[in-house]
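Student: For reference, the structure I am asking about is given below.
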Amino acid sequence: MNEQKLFDKIKRLAGKAVGDFNLIEENDRILVAISGGKDSWTMLHVLKELCRRAPIHYELVPVTINPGFDGFDTATITHYLTEQGFTAHLETTNGEEVINAHLRPGSSYCAFCARLRRGALYTTAQKLGCNKVALGHHLDDHIETLLLNQFYSGTISAMSPKLLADNGEQTVIRPLVYVEEHLIDQWTALRNIPRVDCSCPMLVRRDQKRQRMKVLIEELQGEIPQIKNSLLNAMRNVQPRHLLDKNLKDF
Ligand SMILES: Nc1ncnc2c1ncn2[C@@H]1O[C@H](COP(=O)(O)OP(=O)(O)OP(=O)(O)O)[C@@H](O)[C@H]1O
């Protein structure tokens with residue numbers, strides 16, 4: 001597929017998610033969370049294009065949380081945002097210091113860092129008058145989380161495409177929920193989109209459990225070609241009657 005066809009496909013899938021879950025409404029001011037990685041850049045391009053053609057009015061406000069790790073390349077992020085016609089909002093946190101001081105032994109560095117970042121995103125959304133926060137999680141992220149939670153946490157849950165944040169103020173949206181990661185990989189490579197990583201000292205050991213889920217799904221895909229769609233459908237087709245949760249059913 002060429003660059004345009006790939007982008008059209010990604011845009012169609014994101015547009016479907018926006019419609020299915022009512023992700024964007026009139027006069028929304030959406031904080032678009034930009035890590036500098038492929039997923040968030042793709043989300044920004046798609047939302048910008050959908051915004052251009054939308055029958056309703058909404059605004060996009062890209063925001064990057066600088067986690068404070070040495071080497072985090074804010075210059076590339078600012079430059080690319082400016083090139084795309086946006087103003088860069090950078091918020092610097094002392095993430096590394098907080099993590100080093102408060103992370104309990106055995107807890108996940110990445111998960112702790114993500115929680116801190118989420119807090120910083122909500123605070124920034126409030127400061128900038130944004131009622132929504134858009135995150136770049138794609139279909140593979142959703143189904144990996146579904147498996148991770150079953151295998152390691154003993155819950156049947158994943159990530160919602162639309163969820164009121166814990167602070168009760170902002171709504172988190174995930175417009176790439178239907179977009180497979182390989183489409184994003186291919187499109188960002190063809191389009192020469194810059195890739196900035198978080199420069200975290202744990203980067204090489206990062207998310208090993210998630211990586212395991214990724215490999216497992218890839219392995220099974222040989223045998224079950226529709227596995228990703230099937231897992232996506234499982235999240236849309238919960239049958240509490242056939243589960244064991246006493247909170248969902250009287251026994
Ligand atoms: N430093 C950050 N500043 C702002 N938003 C962030 C930051 N890091 C992550 N996010 C948001 O959270 C989403 C999920 O983060 P995660 O660390 O899982 O990234 P990822 O799957 O590698 O995505 P990406 O390719 O965008 O980096 C990102 O797509 C982005 O929207």
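Placement of Cβ uses the backbone N, Cα and C atoms for every residue, glycine included.
Keep in mind the model is a prediction, meaning the values are calculated, not measured.
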Student: Out of Ile10, Ile65, Ile99, which is the one TrEMBL records at the ATP site of Ala33, Ile34, Ser35, Asp39, Gly136, Asp141?
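Tutor: So the ATP site in TrEMBL includes Ala33, Ile34, Ser35, Asp39, Gly136, Asp141 plus, from the candidates Ile10, Ile65, Ile99, Ile65.
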Student: Taking Ala33, Ile34, Ser35, Asp39, Ile65, Gly136, Asp141 as the record's ATP-binding set, what's the max Cα pairwise distance in Å, rounded to a whole number?
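Tutor: Spelled out: the longest distance between any two Cα atoms in Ala33, Ile34, Ser35, Asp39, Ile65, Gly136, Asp141 is 20 Å.
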Student: Give the number of CB atoms, excluding that of Asp39 (ATP binding site) itself, located within 10 Å of its CB.
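Tutor: Taking all protein chains shown, Asp39 (ATP binding site) has 22 Cβ neighbours within 10 Å.
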